[in-house]
Protein chains: 2
Amino acid sequence: MTFNNSDPVSVMFAGIEMDGIYINRSGEHAIVKLSSGYNICVPESFCSPKEKTAPAEKPVVSPLKQDASLPLLSIISTGGTIASTVDYRTGAVSSKFTAEDILRSIPELAGIARYHTLQPFQVLSENMNPAMWQELARTIHDEILKGAQGIIVTHGTDTMLYSAAAVSFMLNTPVPIVFVGAQRSADRPSSDNAMNAICSAKAAVSDLGEVVVCMHATESDTTCALHRATRVRKNHTSRRDAFQSIGREPVGGIGYPDGTVVLANDAVLRGTEELRLSDNLASNCGLIQYYPGMNPAVIDAFKGYKGLVIAGTGLGHVGTDCIKSITGLTTSGTTVVMTSQCQAGSVCDRVYETGRDLLDAGVIEGGSMLPEVALVKLMWVLGNATRKEDIKRLMQTNLKGELAYDLWRYA
Amino acid sequence: MTFNNSDPVSVMFAGIEMDGIYINRSGEHAIVKLSSGYNICVPESFCSPKEKTAPAEKPVVSPLKQDASLPLLSIISTGGTIASTVDYRTGAVSSKFTAEDILRSIPELAGIARYHTLQPFQVLSENMNPAMWQELARTIHDEILKGAQGIIVTHGTDTMLYSAAAVSFMLNTPVPIVFVGAQRSADRPSSDNAMNAICSAKAAVSDLGEVVVCMHATESDTTCALHRATRVRKNHTSRRDAFQSIGREPVGGIGYPDGTVVLANDAVLRGTEELRLSDNLASNCGLIQYYPGMNPAVIDAFKGYKGLVIAGTGLGHVGTDCIKSITGLTTSGTTVVMTSQCQAGSVCDRVYETGRDLLDAGVIEGGSMLPEVALVKLMWVLGNATRKEDIKRLMQTNLKGELAYDLWRYA
């Protein structure tokens, strides 16, 4: 039996019969979108054909209402699961939902603010890149100039932390810039897209004045956390509360559905920073994690790069036989920054011999910066400074909360 | 004023005068080991000379007593902070403590077991490599053959998880193999080395029959956790409770000082596995983390490698423009395994288009394996299998608890 894309099928699995739509083959397995919204991957022999029914009608949408008395927000849609919807033809999830579609599908948003919607580009977040970060920062800058009192960026969760950190370094902002995504697409019963979007709007009209990531704080639907853009990680592939603040508490939380906003004592408040865009980036930077037995040639391969971030072991170490290659990079003009593959804590290359050798090799200690944030910051610093001492000073200055702990160190 | 190594100095810092020993310069700063045991890094002008006193005498050690009625353990010392002591000449921490020194300095150990001590090599753990993992596995195998009823491996914490995972794959063991380290050296008041060592001995005489890492479970001195070797990470650069089980609970805990042992329901028990060594490793394998804007040439640089593990974004993705380079690797014989840079959860390349393209490129889904464990396992699998289907099957089989979740997936 051969099935075609979008054929209605009946799947027998573990003694249960389920209806669904055939999507395609993967090896010897069929991928079927079940009527519950979940995809299932089963041997094709588990499937049997069903009569085609008339395609489901698209729900009727009401015209967009905007309340002129409410604050103005911009919703900038870049793609990703939060902007996803089911393709009624194939049953597959596509991410072609526009910001306006989001507004229409979540009527609660209309009670919080009025909105200007834009889609500068639509990509799966693994295809984001430094040029798109720049375009995003410029777009946000222009929206704030035009009067937006808060910004919501809908983004795929895979690389949201890189983009949020990049915008954080490129923009000083007087208003909240809230990145929001979803871990489960809108067609799934456990989708987190509506609650996250509503909480992001509450955050965007709040007293906050910095770049944050707004996602489920726990597995239940009671709170979203606001994570500082430079101290957040996606720590789980699929959980709705995957995003966690690292080395600090979240800078805020939004109760749901009541919308109460709680901000941390050290949250940056609305109006603290003046709007300023500095969008130069030296995108020719790399990131590697050290592992035992690493061939030093892996480091040599970054010759010619402007910068390289190493996620070393523990306090910031690599095997001794890699140090010569690092010296090779620094003497040929590559800025090398040491971070740790340990999730939290701080690099200190003054305690052990290996660390001191690394400092002699010209490595800059990255303190408590997350390796991926150090990468983004290095692109920004190398795009804005050229003198060695300025580069080092900027990398070790807490510009946007990326250094979670006091820089003064006790070995 | 110029100081020499091991000069006694007085340091004025924040209005407090502290005694210490001058170690060396780092840039414009002096590194001084304070009499409290901590190192401090201050401007050299903060230091003033003090009269030299007679060097502290080494404490008198009592002869080793062994109780023949107790079970026999082997302590294999490989170096690291737990094997460290203060060099009385320089004030710096050196890791030249032998396993016998550890026994002498922690008298409580004598009440738990009798010991055979070995030092196959002594290295800072960032200098461990696959050849040393093999030597370690062979040494452990021989000790068990000779009658050891449990094994303690003292190891630097930086790469302990790589070594423990490697031993886990190379050895089937009927007795506990307990890796133990310390985050703070023996000369510091907060040192965790004695408690960790005592708990590791309790674990090594317990009913356990697998490879574990034994470290402080919390910041207080009440419990050590036993982490399965393939599901543990050093999640903090300096905290004593830095090691955490990922995607599962620890397989056991040791109360301190009472020594009570609690094992998880799924802990592998003593005698379950028969002793077997399979110590082939294909060490020519690499690991990279994908980041936005990664130049595909970074992937090309692994041409000629036997294997490459990619820590992709989210469910296991890379930017579309890297897929061609991955196809280049797989078609030229490199095995490519996809893991996630998200700390927990599972890779699934069947949900989104990018994932399906990666499967078409010949990538093997690494499930819930931690990237660094997948690297070690890949070295082992490629050292023991040559046929493509065997390699894939072994990588996706839960050999040593490295796959934390059920492999059957719902997209």
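Cβ coordinates come from backbone N, Cα and C, glycine included.
No curator has checked TrEMBL annotations; they are predicted automatically.
Record features, source TrEMBL:
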- A:74-254: domain 'L-asparaginase N-terminal' (DOMAIN)
- A:T81: active site (ACT_SITE)
- A:T157: active site (ACT_SITE)
- A:D158: active site (ACT_SITE)
- A:K234: active site (ACT_SITE)
- A:287-395: domain 'Asparaginase/glutaminase C-terminal' (DOMAIN)
Whole-number Å value for how far A:K234 (active site) lies from A:D158 (active site) (Cα to Cα): 8
Cβ packing number for A:D158 (active site), 10 Å threshold: 31
Length of the line joining the Cα atoms of A:T157 (active site) and A:K234 (active site), in Å: 8
Helix, strand and coil totals (DSSP H, G, I; E, B; other) for the domain 'Asparaginase/glutaminase C-terminal' (A:287-395): 46 helix, 20 strand, 43 coil
Protein Cβ atoms within 10 Å of A:K234 (active site), excluding its own: 25
Confidence summary (mean pLDDT) of the domain 'L-asparaginase N-terminal' (A:74-254): 90
Separation of alpha carbons, A:K234 (active site) and A:T81 (active site) (Å): 14
DSSP three-state assignment for A:T81 (active site): helix
Reduced DSSP assignment, A:D158 (active site): coil
